[in-house]
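Copied over from Swiss-Prot, here are the features:
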- CYS297, CYS355, CYS358: [4Fe-4S] cluster binding site (BINDING)
Amino acid sequence: MGLTLTEKILSKAAGRQVSPGDVTEITVDLAAFHDLTGHHVVEVMENIGAVKVWDLDRFVIAFDHLAPPPNDRAAEIQVKLRKFAKSINVRNFHDVGDGILHQLLLEKYALPGQVVMAADSHTTTVGAVGAFAQGMGASDMAAILMTGKTWLMIPEPFLIRLINEPAPGVYGKDVALHILSVFKAEGLNGKSVELQVEKPKAFPMDYRATVSNMGVEFGADAAIFIPDEETVSYLSRSRGINVKPITPDPDAKYVDEYTIELNKLEPLVAAPHSVDNVKPVSEVEGIEVDYVFIGSCTNGRLSDLEAAARILKNGKVKARCIVIPASRDLFTKALDAGYVETLTKAGCVVTYGTCGPCLGGHFGVIGPGETAVSTGSRNFKGRMGSPEGKVYLANAATAAATALEGRLTDPRKYL
């Protein structure tokens, strides 16, 4: 019987063939943490009395959740982590402004077939390039950094096929929300979701990263796009790397399969207060909105910024709008393309390299009674500020059209 991509990656990492349900030790290819979780990881290592990293070439730190530090406690945490990084000579260190950890892993480090573990639930993002990527808690992360290994229960492989091409106004976010509408939050617990794209060029890396990012929202242990010509092209264009990635065997067996006809999707939103409270934007059009956030590790990429700029060139925003590209590199590209100028002239506040309001940290949290539209990943009560506020999740085009009109708006009339 053939093997799935998950089984191939984890069998290699375990040094033996593994099957779903096996509990086994695996070797980790890439490990990472950010400022908010990193100080907990370092505390665990200090308590154990072993502040060391098994392979500094395979370890990444990024300051993003508390960047730039909004208070003295955040600054204190970053001071501690800078000292830690210097003490062990961390090579892959990204200070304030470089970008959000998951975007940096995607841009600079993760590769197809790797096992990637990081101290954040949205580590699943880098499954976009064909890696098995999973979030870990502080204790497990400390053990990984010290040994380069971790234990894992091998998840069941689940296949999602993406066929045809997305219609105008439909992006990766809508695919993620569609999956949530079908399987609900945590509906794919214990599964490694493998996604197969029928027409690779019609579903680019930015879209894939959004779906993989939100894999954790539908419960997946990992959300891995099966590498194809788009994967190879992306790595060649972005990093000058030529890869021959592994793929599933033709006779691989999955616990179940599901097919999404991309051409039949429409722009979707997740209404308050759950990621699986999914509705077509056409059903909620007209609801007044106070604030729009475009950014995060979910939707702060170049195609998101392009979509927002294309819509917002039509006028001035009627709802306050904050735009945060996910990395310095993306900000620079958006600047060169004229998107930053367009967004600024439309009345948006544009910054970069921070998680900011997505976790209710800073750079634009919502107040009591306010309604927001966000391109982020979560809309639980209190996630982006006041628990008395409401958050709708949407793609960047929907968010931009909403900012332009000051009310929830179907973006297709602007595209």
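Start at 1 and count along the chain as shown; that gives each residue its number.
Every residue gets a Cβ built from N, Cα and C, even glycine.
Note on CYS355 ([4Fe-4S] cluster binding site): other Cβ atoms within 10 Å of its Cβ, all shown chains, come to 29. For the [4Fe-4S] cluster site, the Cβ centre of CYS297, CYS355, CYS358 serves as reference, and the other residues of the chain with Cβ at most 8 Å from it are ASP64, HIS65, ILE100, HIS122, GLY295, SER296, THR298, GLY300, ALA326, THR354, GLY356, LEU359, GLY376, SER377. The number of other Cβ atoms within 10 Å of the Cβ belonging to CYS358 ([4Fe-4S] cluster binding site), over all protein chains shown, comes to 29.
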